[in-house]
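Trainee: Pulled from TrEMBL, these are the listed features:
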type	residues	note
TRANSMEM	20-42	transmembrane segment
TRANSMEM	106-129	transmembrane segment
TRANSMEM	203-223	transmembrane segment
TRANSMEM	357-383	transmembrane segment
TRANSMEM	403-423	transmembrane segment
TRANSMEM	435-454	transmembrane segment
TRANSMEM	460-479	transmembrane segment
TRANSMEM	499-518	transmembrane segment
TRANSMEM	538-558	transmembrane segment
Amino acid sequence: MQQAPSHEDGGLLKRSLSSVFSLMGLQLGSRILTFILNQALFRLASPQAYGTAAIQFELILSTILFLSREGVRNALLRAWPRDTSVHGQASNPSNGRTPALTNLSILPIILGLPVSLATTVVYGTLASIDASRQPYFHVALSTYALAALSELCSEPMHNQAMGEVRTGVRVRAEGLGITCKTLVTYLVLLYDSTRPDPGDFALVAFALGQLAYSAIVFLSYVYQMGYPTFWPTRLVTRSSSDATTSISKIYLIASQYVDVSILHLSLTMTGQSLVKHILTEGDKIILSWWSPLEDQGGYAIAVNYGSLVARIVFQPLEEICRVYFSRILYPSATEAKFKSTVAQPTKRSLVQASEMLLSLVSIQLSCSVLVIGFASVYLPIFLHLLLPSRYLSTSAPQVLAAWVWYIPVLAINGVLEAFFSSIATPQDLRRQSRWLIGFSIVFILSAIGFYASGFGDVSLVYANIINLSARIIYAAQYASTFFKKNKTAHSWTTSMPAWHFLLAAALSYLAISMTNIHDQAVVLVQTGGRGAVLSTTVISHLAQGVGLGLCCVVTWWITSGRYLMKRVQVKTD
């Protein structure tokens, strides 16, 4: 068994941590700016228009992008050459492997054409009368499809940047894109509000904003990395094994341009993406069919706010975990050729991966305790600060309250599934796909049951919690089996928060929720609106929460946090 050099492990860890903070900085900076603009945007767009754009059109966009690129992205993360410097430049560009990977990066664009056409036609045919009767509905729908195709054109550059761990390239591209998207949407809505018939350009505003995002991201990538090659390069030499193991003529032709084993893995992951996409976007699918447009708008704005923590912290962490675990566990995956078995990782890499996974889950569990304890208490106060008055009568307040419980489940599932997708073989992926079909049935039955019980749109959040909990159990069991098979110690009990921290969090919750000042602050905000937020009572209540929250964080650091940091450093230095 080949032992990886320790300095490479440490360098990868440092680059991965740097990437996490860069992506978090991107999300934080862009979300602060877009949060400010969204406050005005929500007041310019009606709940009906916002529901159509944020639920139905976003579902179309995510369907095209997810089915076209997700499998290729995950496969390329594993296949990209490991011999890259800190700055991401390949130290051995003549290994002949990069052209095959570059060719494969073009596949999402090819897949995107039929997927976008089919998705747009099907949705345009099945859209409700209330949605399709809105002004310029079909123009906006076509613009969203064009935006999806434009975004897919950035895939060759995106995959190269992620494969070389050049996160700064992506940070700048997507940060600028998100800012321009929100700004364009706001300006068009602002212009629309000054017209004699305001509201006609609402859907067009969101569509143009999405198109601006795609264009800016592409141009930013081109500026930083050079213009990509959209025409595949014919490989000079291919091994005979590739040709003999390719059963169909399609694989025989493909072997002249790509590594067919990586192509097979990409197609396997793409097929699995269909089931995973249904689970991920199941709430939007059900909502599009069952809820009126106004409630869709309320649900969308609630999800927009509720997912802020997920997008700022959890999404970057999940993406970098996928890169990190792929590279640390299988540095010899090139030789393994992605067949049914994979290269054996080193003992050092296994221990490092186990410690990192347990530490991440431990941190997320502790953060989840704080989110549930403090957010559930202060949400009634912030509702009147965040939501426009016409959204308070929709399902938004109830959905936001449910999201407090959904965020922790979303976070833990993200890291565990990132680990799974980094190491799973094609057989593992097919097995998970069968389980995902079962999970989708559980999701649908749960949603129907909650709806029948009168929970309304909150049913979708609760059904998602049940669905993700099942997926967490599956991914955690897979990780345990993986480390046990590789004779590496791995115990989930070590990731549980310390009892000192749990006690501090419980006492803090009781202190801020069962006092007169809490009840007075809630009543003041409900009767006085936003102006009451600056009252002495409300500010005192908020200050109390901040102080107790800091005490909980200090308790966590003393009892767990500093030891987690030392444990990871010892294993990787």
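Including glycine, each Cβ sits where the backbone N, Cα and C put it.
Please treat TrEMBL annotations as automatic predictions, because they have not gone through curation.
If you look at the structure here, what lies around each of the features I listed?
Mentor: With a threshold of 8 Å between CB atoms, the same-chain residues lying at least 6 positions outside the transmembrane segment (106-129) that come near it are 56, 60, 63-65, 67-69, 72, 137-138, 141-142, 145, 148-149, 152-153, 155-156, 229-232, 263, 266, 270, 288, 293.
Sequence-distant contacts of the transmembrane segment (357-383) (same chain, at least 6 residues past either end, Cβ-Cβ under 8 Å): 309, 314, 317, 321, 325, 392, 397, 400-401, 404-405, 407-408, 411-412, 415-416, 419, 479, 490-492, 494-497, 501-502, 505-506, 508-509, 512-513, 518, 521-522, 525-526, 533, 538, 541-542, 545, 549, 552-553, 556, 560-561, 564, 567-568.
Remote same-chain residues near the transmembrane segment (435-454) are listed as 272, 275-276, 278-279, 282-283, 286, 290, 460, 462-464, 466-467, 470-471, 474 (criterion: CB distance under 8 Å, separation of at least six residues from the stretch ends).
Cβ atoms under 8 Å from those of the transmembrane segment (460-479) belong to residues 279, 282-283, 286-287, 299, 357, 399, 402-403, 405-406, 409-410, 412-413, 416-417, 419-420, 424, 428, 432, 435-436, 439-440, 442-444, 446-447, 450, 490, 492 of the same chain, restricted to positions at least 6 beyond its ends.
The list of residues near the transmembrane segment (538-558) in space but at least 6 beyond its ends in sequence, with Cβ under 8 angstroms from a Cβ of it, reads 366, 370, 374, 377-378, 381, 497-498, 500-501, 504-505, 508, 511-512, 517-518, 520-521, 524-525, 532.
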Trainee: Residues of the same chain, at least six outside the transmembrane segment (499-518), with any C-beta under 8 angstroms of its C-beta?
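Mentor: For the transmembrane segment (499-518), the far contacts come to 366, 369-370, 373-374, 377-378, 537, 540-541, 544-545, 548-549, 551-552, 555-556, 558-560.
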